[in-house]
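Novice: Okay, handing you the structure first.
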Amino acid sequence: MLFIITILYISHQILCQDNDIVTTPYGSIIGNELTIFGEKVKEYLGVPYAYPPRNSYRFKPPAELEKPAWNGTYSAIYLANSCPQLIRFMNFSAYDASNPTNGTIEECLQFNMWVPEGKNMSVLVFFHGGSWTLRTASADKFNGSVLAAKTNSIVVTPNFRLGIFGFAFLGHNSSIKGNMGLLDQLEMLKWINTAIESFGGNKDSVTIFGTSSGASSVAAHLFSDKSKQYFQRGIMSSGTITDFMSTISPDLAMKNTRNVSAQLNCTNDNDEEVVKCLQNKTVTEILVAASKAKQPNQPPTPFSFMPINCDEVFFNGCIKNKTNNKSFNKNVDLMFGRTKDEATFFMATGFTNNSKFNCHFYPSKEATDPLNSCDMNQTNFENLVKLGGYLLRFGENQTKELYNVYDKLNDLNYTQKSVRILSDFIFDCELSKFATKCADASNKSVYFYEYSRRSPTNAWPKWTGAMHGDDLVAMFGMPYRHPEKYNSTIYDIEKEKNYSDNVMWAIGNFTKYGNPSNNWKKYTPENTVALDFNGTLDLNQTIKHNNATPPTCIEIDKIIKKWIMEKQQAATTTALPSS
């Protein structure tokens, strides 16, 4: 059966012939055949890696597939189903493009995979972001066909349970033990370990790669003894599980889950009855209730459910203790990365059209419209610093010190100072801190990059700069997949392809060898350098490197340490007996 594809880099897509059927331990699979750059790439879409988590399987760990799992030949020609979520639309293509387009359903423990011709190929598994609550691996922006062809690696993009379906919790001794979404990812890695050799893959050369909360997923697997045998390398783009917005405590997760139970009239002294009741509710009923369940003292994200930071099923302990004791997988090559203006995505989607901050974004207007501006003054900046102080649980004196740290950045205007402080809090400080801990303990190599180049396809207002997610455009070969998105009067598409080639070449080298380039300096505790992914990247020449640790983060650490010491001294003084 012939499919006509208008995307320029693919000349044709056909259903593979019978002699292209792949026999795996789970059963036979057939997919599509693509021709990319004159080479064949096999595409397998919507392949199941666990049984659907519905009915009595809802809120339970993923159920491993039997071997074989199906009779006949599985036709893998439709994108993996997206997991249940309340889809948020902005009526703005740059945001909405990451939303599911094929609906959502509980039968979503599936993956998409692109396989070039070859033997013993490395495997790159990509975890999507979305605050553990939104998005899908089946978004067009995560199509791995070009990345697979350019790196000669197998690219896999799995879906996994999100929100309450992935992260509900009723107690360590209950039947909802939490972190099901992370266990889904682990089950995916087990599938690869069992079956990837059937596709010419090397089960001992697996890289897990994620962006935003997907990067936090990668970091999470470093702390799981159950995961460590299934991957050898990790890439964390704009996120880590150790930051304060990536997890919540079991207590908060349980309160949120019981809140949902109460809303749906599923209260009972017997938790097993609570679970049965929730399993009989519709997906929509549960999603709507979950959207109203957030506790007032949990991290300031828009969403209620995320991984719990202490468990007995995935981490088998607490992340904080494991971090302090450096009890994580040290035999993994690691790459950390961030964009220069991480926070602007969140400012544009959460802080705009608010007089407190004076940033504006109207999706119905052109990005260049004067109304789509962010012109913060001193008062707006002060409001943001107060928010930062609140996030850090600072007192009045510490918040004043925080203000001074950023106010003295004289080369930045108030908007840029605000971007800096939010980027530091949400991403940059903890990312560089965790990278240093990993580099200090690791038996392998660690690398870091900062993506300072604004993507040519970025449709957001210019004040957003090199924003969260801009690095993925080149990494997934967008100039080849969608050249029409590049303004030909401004950008030379051939130069854009060459830039993308360099980025994908580095990813491919890291995936295969654990070394992206000989000119890319290693990140060490003594030399915390980040390669600058700028507009003139050439990995065959000497490359610019910057300090990966923002000086402002060092200043914040000093404030925190001083504050902790003062509180300890105050507590000691209070405890002393009066004379």
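Cβ from N, Cα, C; glycine included.
Below are the features I grabbed from TrEMBL:
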SIGNAL    1-16  signal peptide
DOMAIN    19-543  domain 'Carboxylesterase type B'
ACT_SITE  S212  active site, acyl-ester intermediate
ACT_SITE  E342  active site, charge relay system
ACT_SITE  H468  active site, charge relay system
Novice: For the residue listed as 'active site, acyl-ester intermediate', write down the residues of its own chain that are at least 6 apart in sequence and whose Cβ falls under 8 Å from its Cβ; none is a fine answer.
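Specialist: Same-chain residues close to the residue listed as 'active site, acyl-ester intermediate' (Cβ under 8 Å, separated by 6 or more) are G129, G130, S131, S237, S238, G239, H468, G469.
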Novice: Cβ-Cβ under 8 Å from E342 (active site, charge relay system), same chain, 6 or more residues apart: which ones?
Specialist: S238, L422, S423, I426, F427, D428, M467, H468
Novice: Test of understanding: give the count of other CB atoms lying within 10 angstroms of the CB of H468 (active site, charge relay system).
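Specialist: Neighbour count, Cβ to Cβ under the 10 Å cut-off: 27.
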